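Annotated features in TrEMBL:
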type	residues	note
DOMAIN	15-128	domain 'CUB'
DISULFID	Cys15-Cys42	disulfide bond
DOMAIN	160-236	domain 'LCCL'
DOMAIN	266-403	domain 'F5/8 type C'
Amino acid sequence: SPALPLLGLSIGDGCGHTLLTPQSGTLSSRNYPGTYPNHTTCRWRLRTPPGTFLLLTFGDVDLEPSEHCARSSLLLTDPQAGISYGPYCRNAVPATPLLVTNSSTVTVLFNSTSHRSGRGLLLSYATTQHPGKRERPPETPPGWGSHHPCPPTIPMCFSVYCPAGCKDIDGDIWGNPSQGYRDTSVLCKAAVHAGVIADEQGGQVTLAREKGITLYESAFANGLHSKRGSLSEKRLLFHKGILPISPQMKPWFWQPDPVLPRLPSCHVPLPACADVLEVAAFNASSWWHEVDALGQDRAWGAQWAALSTTGHSWAAEPGSEAAWLELDLGTRRNITGIITKGSSEQHDYYVRSYRVSSSRDGKNWRPYRGSNGQEDKVFEGNTDSHGEVSNAFIPPIVGRYVR
């Protein structure tokens, strides 16, 4: 028979948030962390590359107790080794939060009958290619592993592997990439917000635990809203090597700089960033010619698209389809993110979503497809005309022209 594709499968009406990739993933029962439904089932088949072993983390297993877990259960089977783990429920929980298998294929089965309570389950996995994934750091707080497969807090400096799919797990984050994050934030969710990993891919993150600040400002970035938060004793700062640099719809771009200063508390190399990436020229598919009450004409041309420009911004001709804004950076650059903003003047204009293309010569254009490479990526834009929204390019764009 033909070989099975190297990706996970989920089947059943009891499946909740699920993101399975060959390298890592996250899975949960339906309604998690609310009560899971009666008489449901979900079967996940996890497959990783040959020659690797699966590491599974039990973030939360809260299934109503019963004798032999007959009413609700979690069962894991390793078909290659002929081994089963479980069944698990509230009165028969896993012995440790980390399960190291000797297999690249594991089947996870969740079943429920009639019950009254239980959050359900939340698990994550990675492969032995990422050995740092679930090593519990020294002085890990008691809340680690409770409800979250990604640790919520860390010691002064730590590197951890975040699985794919942490963006949509339950839990809050406070802060933003420039300030850092309140140390009670869900760590891997904050890493997605900060743009250091792509949610659909996951990855290794390195961060420092620094002195906290009085107030954490909220921000919308990479499809996630963070909250405004008050004073905390510690904050989380991600090693990322990117920082905003300029241009508008209103966008900014950023790129790394070879200078490598060190974090004083954990001595992790942290690439600094260059100054604003200057835009040599703007171009657009069309622009709006506004006629005010006095009959005066004002063009919302492409030249008004720079974030540093005061007054109105660029706007396409009303009714135009497939509108685009083009930026010429003057030379080929490594572009790792974008920040957009709506009009800063009287009209409440902004872009809700957009795609990005790049070119090295201004003639041949390549759509940006992100880390999975399957479909053109649609970025979440703004929800009002005054807030800034950032999105990271993982992997980066290399080119001179961006649309």
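Placed from the backbone N, Cα and C atoms, the Cβ positions cover glycine too.
TrEMBL labels come from automatic prediction, so no person has curated them.
Sorting the disulfide-bonded residues Cys15, Cys42 by the number of other Cβ atoms within 10 Å puts Cys42 first. Note on the domain 'F5/8 type C' (266-403): DSSP counts are 3 helix, 53 strand, 82 coil. This prediction places the mean pLDDT of the domain 'LCCL' (160-236) at 92.
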